Amino acid sequence: MEEWITWIPGLMLGVALSAGSGFRVFIPLLVSNLAARFGLVSVSDDFGWMISNTATFVLIVASIVEIASYYIAFIDNLLDSIALPASVVAGTLLTTQFLKINDPTLQWGLGILAGGGVAGTIQAGTSLIRLGSTKFTGGIGNSFFSTFENILAVGISIVSIWIPLIMGVLAILLVFWMLKKLFSSKPKKPILQ
């Protein structure tokens, strides 16, 4: 019983960062990389490669390219088609790297379910909002939405390093709220019957 209690901080940190990867795939990975390099967090032994110089360089370049690409009209909607599976992978990595569990099946299972699930749900929600923005504004509103997503991804990622338990709970609540909104929307009755 005591063993699972030691997993909670790492799980909540991973879930919180995964929420950020639902908005931007690479920013939370970069923030966790830099936080680990500066000794603010520690990763599992198997994830030492995540804090290498090569990983830092690749994540910086990928973050810049991702941010810039979302400001190009209609490219942003194309990116959403690959961002969903990419965010699930990023969320899985973000959560799994902080779970110091000896059983790899449990470690990766929790990473996939918790981190991948949170990231995928948030990414799916933002994709639907972006699609609606494109439809109603002809793509003009997408740059404002992209800026908002960038701010959320950076803000969530940085704050998660300092208060992971609170941010993890908030991420889980956000996912439940999004799922409730998605599944509780009732079809509108026709005006004329």
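Glycine residues also receive a Cβ, built from the backbone N, Cα and C atoms like all the rest.
According to TrEMBL, the feature domain 'DUF4126' maps to 11-179.
The transmembrane segment feature in TrEMBL is assigned to 6-27 (among others).
Here TrEMBL flags 47-72 (among others) as transmembrane segment. Through the fold, the transmembrane segment (47-72) approaches residues 24-27, 29-30, 32-34, 36-37, 79, 93, 96-97, 142-143, 146, 149-150 of its own chain, all at least 6 residues removed from its boundaries and within a Cβ separation under 8 Å.
Annotation source TrEMBL lists transmembrane segment at 78-96 (among others). Within the chain carrying the transmembrane segment (78-96), a Cβ under 8 angstroms from the stretch's Cβ atoms is held by residues 11, 14-15, 17-18, 21-22, 25-26, 28-29, 32, 44, 47, 50, 66, 69-70, 107-108, 110-112, 114-120, 122-124, 126-127, 130-131, all 6 or more beyond its ends.
Here TrEMBL flags 108-131 (among others) as transmembrane segment.
Residues 8-9, 11-21, 23-24, 27-28, 31-32, 35, 40-41, 117-118, 121-122, 125 of the same chain, all 6+ positions outside the transmembrane segment (151-179), place their C-beta atoms under 8 angstroms from a C-beta of that stretch. Annotation comment: TrEMBL describes 151-179 (among others) as transmembrane segment.
When averaged over the domain 'DUF4126' (11-179), pLDDT in the model lands at 91.
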